[in-house]
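Residues annotated as topological domain 'Cytoplasmic' in Swiss-Prot, with sequence analysis given as evidence: 1-52, 103-123, 184-198, 269-306, 379-388, 455-470, 521-538. For 74-81, 145-162, 328-357, 410-433, 492-499 (among others), the entry in Swiss-Prot reads topological domain 'Extracellular', with the evidence type sequence analysis. Here Swiss-Prot flags 53-73, 82-102, 124-144, 163-183, 199-219, 248-268, 307-327, 358-378, 389-409, 434-454, 471-491, 500-520 as transmembrane segment.
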Amino acid sequence: MARGSGAGGGGGGGGGGLELSVGVGGGGGARGGGGGEAAAAVETAAPISLGRLILSGMVAGGVQYGWALQLSLLTPYVQTLGLSHALTSFMWLCGPIAGMVVQPCVGLYSDRCTSKWGRRRPYILTGCVLICLAVVVIGFSADIGYAMGDTKEDCSVYHGSRWHAAIVYVLGFWLLDFSNNTVQGPARALMADLSGRHGPGTANSIFCSWMAMGNILGYSSGSTNNWHKWFPFLKTRACCEACANLKGAFLVAVIFLSLCLVITLIFAKEVPFKGNAALPTKSNEPAEPEGTGPLAVLKGFRNLPTGMPSVLIVTGLTWLSWFPFILYDTDWMGREIYHGDPKGTDPQIEAFNQGVRAGAFGLLLNSIVLGFSSFLIEPMCRKVGPRVVWVTSNFLVCIAMAATALISFWSLKDFHGTVQKAITADKSIKAVCLVLFAFLGVPLAVLYSVPFAVTAQLAATRGGGQGLCTGVLNISIVIPQVVIALGAGPWDELFGKGNIPAFGLASGFALIGGVAGIFLLPKISKRQFRSVSMGGGH
């Protein structure tokens, strides 16, 4: 979703005052993986038109299309293969690992790549090929598991575990996470490299616009229940309607990503990097390159600007309040709102699948609201200050997460059993849930912009080090994701499954984050504030 996804947004590219291209995935920023000092050693490319710059960033839309499907469909789907609700969160551990390991390494290598095709395009091509492979493995995991020895019963009859398919699926899921991280950083850096007279701010806006477009198309695809009707050959003995819909959506993702990739490779003309060139400083004196990677980021804790530790604390609390919903939003719709069960009776399975599709539609609404809200962040911060905007968004998330629990209880008020056994739901409740999804687009826009803008401004007042500060900020995002991935499933299991306990905990974290923000966040100049988008991603 132009969501954070979870880990793995874009790394590099950036520069130019407070304009900073940032991602969740490790060590990004104005330097990491994107144009940093090594960019100075590249011959200046010929200026390109705005239209060509726009087409050069199209690959971001293709990558985000697949990421939107991953966010909306994959947590619910893996439960149909046998993985328990309590264990599904562990599957998402790969995100922060990929962000911390892949992003810095790819950023470093792409900065110094001497290929005749340029520094960024070889990594973009490699990453996209791996993404296509990963989504095919995920989409056909049930069929692969069937061939490897899973039950030979028809999927319309057998609803038990299929462990070969589940293992294949998880491997594909992890490959997809690593592949996304391989593409995002160089793709952002490519836009910064080519921005020229248009400026990094324009390049960042184009990149984020493509990601928003990918989100909208991806969530629309995920909410569609007709792929198995349009392409009936997708259904097999191991793959029924829900699986065939997933398969169809991912096959379209391969086609769309391939189209976006080809256009980017054609229109993004890079000047090859000369590996023996010096790395100049502002004073035109040679300097040793700054450290790159997780260790350099960890060492940076010793040299943080004033106010940055407080930003890290509030950022961590803010993301702790968001990750449960990011991981389980469509699962919540399938279980608590539509009263389905991925391992239950046929009516329960159908109800669960309907809820997941409704959740994907809710994420579509969320992305649309997020896109419009993003344009309002900078004016609001200039008027009342980024601290007020950030704190207010945390309190809104607190209310929204508490509302999910209240809506869940409302949905079950006439049923005296467990979440998984209720089969009916009120249409008004479903409508309220969609409104809630859309409403959350507003604080999500704040989450994707304000913390990074505050970090950029603190670094600027210190006289530099934006890439380092952003890399350190990334740690305050990755650690909460690890905490939620390890703890959300067992926490829900402790209270009797369902998603209500995790959402209740998220509400508490949002409240603490809001209160902490009031007392800890540094005062930032309203007049000098410049909005910075992390551009979604993982």
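For all residues, glycine too, the Cβ spot is worked out from N, Cα and C.
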*For the topological domain 'Cytoplasmic' (103-123), jot down how many residues DSSP puts in helix, in strand and in coil.*
12 helix, 0 strand, 9 coil
_Cβ pairs under 8 Å between the transmembrane segment (163-183) and the transmembrane segment (53-73), at least three_ = yes
*Do the transmembrane segment (53-73) and the transmembrane segment (500-520) share at least 3 Cβ pairs under 8 Å, sequence separation 6 or more?*
no
*Count the Cβ pairs between the transmembrane segment (248-268) and the transmembrane segment (124-144) that lie under 8 angstroms and are 6 or more residues apart in sequence, then report whether there are at least 3.*
yes
*asked:* Ranking 82-102, 124-144, 358-378, 500-520 by the number of C-beta pairs under 8 Å to the transmembrane segment (434-454), which range is first?
replied: 358-378
*Looking only at the topological domain 'Cytoplasmic' (379-388), what are its DSSP counts of helix, strand and coil residues?*
9 helix, 0 strand, 1 coil
_Helix, strand and coil counts within the topological domain 'Extracellular' (328-357) (DSSP)_ = 22 helix, 0 strand, 8 coil
*Can you find at least 3 Cβ pairs under 8 Å between the transmembrane segment (82-102) and the transmembrane segment (389-409), where each pair is 6 or more residues apart in sequence?*
no
*Of 358-378, 389-409, 471-491, whichever stretch has the most CB pairs under 8 A to the transmembrane segment (500-520)*: 389-409
*Quickly jot the same-chain residues contacting the topological domain 'Extracellular' (145-162) by Cβ under 8 Å, restricted to those at least six beyond its ends, or write none.*
80-82, 168, 236-240, 243, 343-344, 346, 349
